[in-house]
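These notes are about the structure you will find just below.
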């Protein structure tokens, strides 16, 4: 059986529109194979080379001072593109993240880099609107609907929000009964994660009915991200 690799992705930014000079300050992406989290992820804070507006700071709590010594986007771009490769992207409100990522990629002025296609993204916001018309569709509301524990989400954060979205996405596409066998390895959330984790996707297999131990491993995976991201 061929493997289905999907990347659950989120970003944090300095504002709402890259055309007004706003930039990405955090990228969080989590690998899922056959609807199973592998424990492999990509996470960076990024120096936006500009100030942090207070309105944005109130949302994610990332200060300009904190970002001063963080890498510039161009230094992590190749690793990011390698991590997502040709996989389907799972994003909540995909047009927002795609436009910011493409803006950052366009600033590199490298002819060999192709911009991301919105058609290659699955938008969980669109899915939720279709499935639950008239309801609230933000991540907190969906976590509440599906009883996903988001108690550690006082502020937005790209990696922790991607972890929550992974749970929501599985619920939107069939529920926990069809997924979430966790790979038995520690979660790597540092900047070397893409090189340190074994990428043998055959380790991930679909589980029709997860055991208590498997569900506990998933909870521990999510908790570790909420505590450290």
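Including glycine, each Cβ sits where the backbone N, Cα and C put it.
In this structure, residue 156 (active site, proton acceptor) belongs to neither helix nor strand by DSSP; it is coil. Using a 10 Å Cβ-Cβ cutoff, residue 156 (active site, proton acceptor) registers 18 neighbours. Taken from Swiss-Prot, the feature active site, proton acceptor applies to 156, supported by similarity to another entry.
In the three-state DSSP scheme, residue 161 (divalent metal cation 1 binding site) is classed as helix. Around residue 161 (divalent metal cation 1 binding site), a 10 Å sphere centred on its CB holds 26 further CB atoms from the protein chains shown. According to Swiss-Prot, the divalent metal cation 1 binding site annotation covers 10, 12, 161, on the basis of similarity to another entry.
In the three-state DSSP scheme, residue 10 (divalent metal cation 1 binding site) falls into the strand class. As annotated by Swiss-Prot, divalent metal cation 2 binding site applies to 10.
Marked as substrate binding site by Swiss-Prot: 10, 12, 55, 60, 161.
Around the Cβ of residue 10 (divalent metal cation 1 binding site), 26 further Cβ atoms fall within 10 Å across all displayed protein chains. Taking the Cβ of residue 12 (divalent metal cation 1 binding site) as reference, residues of its chain lying under 8 Å away and at least six apart in sequence are, in sequence order, 24, 25, 26, 56, 59, 60, 62, 156, 157, 158. Scoring each of the binding-site residues (55, 60) by how many neighbouring Cβ atoms lie within 10 Å, the top position goes to 60.
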